[in-house]
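Annotated features in Swiss-Prot:
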type    : residues                                                                      : note
BINDING : Lys15, Ser173, Asp174, Thr215, Gly216, Gly217, Met218, Ala219, Thr220, Lys221 : ATP binding site
BINDING : Ser54, Asp141, Asn153                                                         : substrate binding site
DOMAIN  : 280-358                                                                       : domain 'PUA'
Amino acid sequence: MRKDLLSQVKRIVIKVGSGVIFGQDGLDLDVIGSLSRDICALLSQGYEVVLVSSGAVATGKGELGIVGRPPTIPLKQAAAAIGQSRLMRAWKDAFRPCGRCVGQILLTRDDLANRRRFLNARNTLMTLLEYGVVPVINENDTVVVEEIRFGDNDNLSALTTSLAEADLLIILSDVNGLYDSNPKTNPAARKFSVIERITEDIEQMAGGAGSVVGTGGMATKVEAAKRATLYGVGTIIVDGRQAGVLPKLMAGEELGTFFLPVPQHMTARKHWISFSKASRGKLLVDEGARRAVAEKGKSLLPSGIFSIEGKFDRGDAVRICDAEGRVFAKGIASYSRQELERIMGRNSSEIEVVLGYKYGDEVVHRDNLVVKK
């Protein structure tokens, strides 16, 4: 099964964690060199590769005398400002022997939440790939604030699969996949070779927190796999410090854990709405509206809304909740909060009478709406 699925892959997003390329003495140039040679081998076989590389903060924090994780965002930003150039230099030097050039792309969540900037970033990415350049993506930690953080590069790598229109996500970790218990403390822990569907039990099994040098534990990796597989992209979590790990994976060796893509996956736009675009508000709806949206695939009309929370404009994402406040959908609002306060509970035929204009009958059109599974 794995070999058959991998035979259809053309474009790969490879996420490299801090725990893989960072050792006791700083950046592990031997590992970076080994991974670069692996990627060059894939490129020579006709694959396209997008690299998501952590390590900027871990590389730069030593210059500031920081032990462990930087405790504040300003310290993290300062460490990233020092470390990002060194990280890129390491990748540049590692790819040079095989005649490959690298290009840096730094992103914040806002870059992907804004559809125009998302498409601009995609155009840049596609141009780099067209010219045989290896894009190296990282979060723009020097300018990011809490509200627009990706949180970790596992999450960023999952969103990059949509940005890059990739066929496969490989997350290189310091653990060789998902186990039924922590393999670092339980030698008898059993590894899962294939996960067909990421259930709540699987998510709970991942558990755990990040390491001293990184922010992403197994829980964030499984969450990233869930986001990628919902877009139809298979995901492999594997030990990135194994020699020749990438060519071995693409040859079909049963390394790590393979999370299978969801057969009925989201469109690119709905994946963007669901995961890239941050919610600015909340709409509480009655049971009739909930059934229409969640069970019948209808648009959300103003008549079913009875309460509004948050501050949002037309075009912002909002969460849609039932009467008890449980989120069951997310979508893009066709009207601002101020406008909705005037038309909620009314029939669509009254919108133009109340506002003096009308963008449409729907508060959230079904084409701009994602129901939570």
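Counting starts with 1 at the first residue shown.
Positions of Cβ are set from backbone N, Cα and C atoms, glycine also.
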Lys15 (ATP binding site) - helix vs strand vs coil (DSSP): strand
By Cα-Cα distance, the member of binding-site residues Lys15, Asp174, Met218 nearest Asn153 (substrate binding site): Lys15
Residues in the domain 'PUA' (280-358) grouped by DSSP into helix, strand and remaining coil: 26 helix, 24 strand, 29 coil
Cβ neighbour count (within 10 Å, all chains shown) around Lys15 (ATP binding site): 31
Most Cβ neighbours inside 10 Å, all chains, among the binding-site residues Asp141, Asp174: Asp141
DSSP-derived class (H/G/I helix, E/B strand, else coil) of Asp141 (substrate binding site): coil
Mapped DSSP class for Ser54 (substrate binding site), helix or strand or coil: coil
Ser54 (substrate binding site) versus Thr220 (ATP binding site) - Cα distance in angstrom: 14
Cα-nearest neighbour of Asp141 (substrate binding site) within the listed binding-site residues, Lys15, Asp174, Met218: Lys15
Around the Cβ of Met218 (ATP binding site), the count of other Cβ atoms that are within 10 Å: 23
Across the domain 'PUA' (280-358), average pLDDT on the 0 to 100 scale: 95
